[in-house]
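Read the structure below first, then the notes.
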């Protein structure tokens, strides 16, 4: 039986009074694909007007923080890159805090978001969209060359994944001594468009696990790696934060792992029957139909 509370006027007031910052997932919470979810923008305005800090924590590594800020702007929402924590940024920060040697390169299976964040952090990265059209020919020499100076392979969402990229990443991880295998996240699916879910980064990561027989370091949710940066940057305690998301196994677990309050919205990947299924053992503190329920309750 679900131990989560439906968001109501009385408990929303308690939540609002006890929290200084709201952490939001984006896909399925603020937008679906390139379409804003009804009332999301006005809800963010309401929370800001009440003095709440807003932070956007997304597992989607396709864009950099700057590109996400541009997406918010295109949807009529003003968000600065400093308020955005993407898994592409987390991958770059993981290498930075672990003193990844600057002479080593990073091979990317993923989008420009990862490449941009790695380059901003001072690393030499290649692959990604640049390898989208490369093919393999088994009939030629049969030997595939790879760069021996690659010290990390970062895998994220990649709609242009191909056999060339899989072979390149596999060789680096299996043959380059100490080469790191980093996953931005392991989401099974995501709302890449407004109308349906599509295979997520977990699909690309699973392919690399299969060929390398290794497990990656995961830097996105539910890993609390990004939370360490949040706490340092905003000087807040976890108990004063509320994580708002649409996925139990990433967003809600991320919040719980860090000791935040948690609010599940049913506008994305999770239905109420998923939440109340006896086999589900991840229970948020609260659940609501969508983020704008907060706006409605603030007027109640």
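The first residue you see is number 1, and the count goes up from there.
From the backbone N, Cα and C atoms, a Cβ is placed for every residue, glycine too.
Listed in TrEMBL for this protein:
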- 25: active site, nucleophile (ACT_SITE)
- 27: active site, proton donor (ACT_SITE)
- 25, 27, 246: Mg(2+) binding site (BINDING)
- 221: substrate binding site (BINDING)
Would you mind reading off the Cα separation of residue 27 (active site, proton donor) from residue 246 (Mg(2+) binding site), to the nearest angstrom? 8
Inter-residue Cα distance where the pair is residue 25 (active site, nucleophile) and residue 221 (substrate binding site), in Å: 10
Taking only the Cα atoms, work out how far residue 246 (Mg(2+) binding site) lies from residue 25 (active site, nucleophile), in Å, as a whole number. 7
Around the residue listed as 'active site, nucleophile', which residues of its chain at least 6 apart sit with Cβ under 8 Å of its Cβ? 56, 57, 58, 59, 221, 243, 244, 245, 246, 247, 250, 251, 268
Among all protein chains shown, how many Cβ atoms are found within 10 Å of the Cβ of the residue listed as 'substrate binding site', not counting that one? 32
Taking the mean position of the Cβ atoms of 25, 27, 246 as the Mg(2+) site, which residues outside that list, in the same chain, have a Cβ no more than 8 Å away, listed in sequence order? 26, 28, 29, 30, 58, 190, 191, 245, 247, 251, 265, 268, 269
Surrounding CB atoms that lie within 10 Å of the CB of residue 246 (Mg(2+) binding site), all protein chains: 26
By a simple count, how many Cβ atoms lie within 10 Å of the Cβ of residue 27 (active site, proton donor), its own Cβ left out? 22
